[in-house]
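Structure record follows, encoded as structure tokens.
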Amino acid sequence: MQNVVILQARKWFSRSLSSFSSNPLKVCVVGSGPAGFYTAEKMLKAHQQAQVDIIDRLPTPFGLVRSGVAPDHPETKIVINQFSRVAQHEQCSFLGNVTLGSSISLSELRKLYHVVVLAYGAESDRSLGIPGESLKGIYSAREFVWWYNGHPDGRNLDPDLKNTDAAVILGQGNVALDVARILLRPTAELATTDIANYALAALEESSIRKVYLVGRRGPAQAACTAKELREILGIRNVDISIQEVDLRLTPADEEELKSNRIKRRVHELLSKAAAKPRTAGLNQRELHFVFFRKPDSFQESEDRTGHVSGVHFEKTVLKGDGPGKQIAIGTGEFEDIKCGLVLKSIGYKSVPVDGLPFDHKKGIVPNFRGRVLSDTSGDPTLLEEGLYVCGWLKRGPTGIVATNLHCAEETVLSISEDIEKGMLISSAALPKPGREGLLQLLQDRDVRIVSFSDWEKIDSEEKRLGSSRNKPRQKLSTWDELHKAALE
Ligand SMILES: Cc1cc2nc3c(=O)[nH]c(=O)nc-3n(C[C@H](O)[C@H](O)[C@H](O)COP(=O)(O)OP(=O)(O)OC[C@H]3O[C@@H](n4cnc5c(N)ncnc54)[C@H](O)[C@@H]3O)c2cc1C
């Protein structure tokens, strides 16, 4: 009996492989961030006959490497060269300006391709759900980052940096530190980066002198890395303020630090900064690390109706034991911080598209090693045939660019195993229209595709504009400008 099963499986396997050799594997990757590009690269290596199309809703590729990574971190963006080589591979295509969910639906895409890999990231925000959250002057870090990075959907944010001297940032992870650094760094140092020109102009006129980085828990739990912390602590002309009492470690903290080298280093850096004498008003700007505070509500300005004027915080203490297990509990004692700008850096959130199983609690697509599962029960046999996931949409919004390389390796390995096991047999038996079908459908819908060579026109124009200002590029940041440069 067992032999019969093995024989059948072998037949399926060879039928599947031979179908794919006469009928090349058609793969569509949705999203051209690190997860999308690493997936495409690994697919092209593992399946030399495969045709891989990468679609993105923007006319520009590279996801958060372009619109998330801070402008003063150019070394992180070098990976764009590697991604460009993937896009230029003869069996790969980049199709920008194509949105899953409006230009094309998931079910249409699945009919066109043998394999669809969703890598469209996390383009929404977690919310606090506290009173006053919709007041003007309160933004998510994602919106603010898009604004200074020239994302076309961030162009109109226009945060008011002039009518206040204080900003509160909620959260103490690396994104929070990026945002604080951009607010505090001398603008002359930003002027030679690829920061959006309107953002540089607004920062040059900014009145913000005090930035508060606020966390619910203590310095032993701060979510940033030592590299980012060292960088912000080293900004010129900024006084650092940390309450020494907050740095005292409980036995539970000691335990936590023992098992985590990065957190130990972060605590050391904060302790050193706290011990440094302040410059008694000589510096123009202040950075306050505020620990053990959770936002309770936002306050409305009396003279500027509808605008935020401060955050009402509840003090907290930590309860619970074990690394990562200590949680912040309100003490019933409150304190306000006055400010005219609030940036919430409490986490990005992915959004589902029609027909996609989604775990709303975790904010990810339920998956087993990158294979999309039909529901959130965790049963690895309930598979959505031919549908895979990678990157922030698969794991949640954590990790650096390189984390997505390992994530893509896992997803591509699952695809290869499924092909070998004959699990894509029903698709393999059918030739799929792939790119041709997609192009036809998009043409019927009047969707103006931006190809990789169109993107190269945007790229050259941005570099040309930047060269006269001693910048690596001056980003085009409206949909019109981008379309004009790409398609005219
Ligand atoms: C502010 C910030 C700063 C960071 N700085 C660093 C850093 O300095 N160093 C580092 O290593 N890592 C950094 N990271 C982390 C890194 O950027 C992420 O790990 C990585 O970009 C996640 O990759 P992804 O491909 O899953 O998502 P993304 O990079 O977000 O890519 C998703 C892509 O999908 C597209 N898309 C979205 N919706 C659709 C749709 N419906 N249809 C078609 N396309 C769609 C988007 O346009 C985007 O191009 C930073 C992250 C942030 C948020």
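Even glycines carry a Cβ here, placed using N, Cα and C.
No curator has checked TrEMBL annotations; they are predicted automatically.
Here is what TrEMBL records for this protein:
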- 26-188: domain 'FAD/NAD(P)-binding' (DOMAIN)
- Ala35, Leu64, Leu100, Trp392: FAD binding site (BINDING)
- Gln172, Gly173, Asn174, Val175, Arg216, Arg217, Glu228, Gly399: NADP(+) binding site (BINDING)
- 461-488: region 'Disordered' (REGION)
- 478-488: compositional bias 'Basic and acidic residues' (COMPBIAS)
Looking only at the domain 'FAD/NAD(P)-binding' (26-188), what is the mean pLDDT?
97
Argmin Cα dist to Arg217 (NADP(+) binding site) over the binding-site residues Ala35, Leu64, Trp392 returns Trp392
Measure between the Cα atoms of every pair in Gln172, Gly173, Asn174, Val175, Arg216, Arg217, Glu228, Gly399, the residues the record assigns to NADP(+), and report the largest value in Å, rounded to a whole number.
21
List those of the binding-site residues Gln172, Gly173, Arg216, Arg217, Glu228 whose Cβ lies under 6 Å from any atom of ligand 1, in sequence order, or write none if there are none.
none
Where does Leu100 (FAD binding site) sit in the DSSP three-state scheme?
strand
Integer Å value for the Cα distance linking Glu228 (NADP(+) binding site) with Leu64 (FAD binding site) is 17
Could you state the CA-to-CA distance between Arg216 (NADP(+) binding site) and Trp392 (FAD binding site) to the nearest Å?
24
Cβ-Cβ neighbours of Gln172 (NADP(+) binding site) (radius 10 Å)
25
Tell me which residues of the chain lie with their Cβ under 8 angstroms from that of Gly173 (NADP(+) binding site), as long as they are six or more apart in sequence?
Ala223, Cys224, Ser345
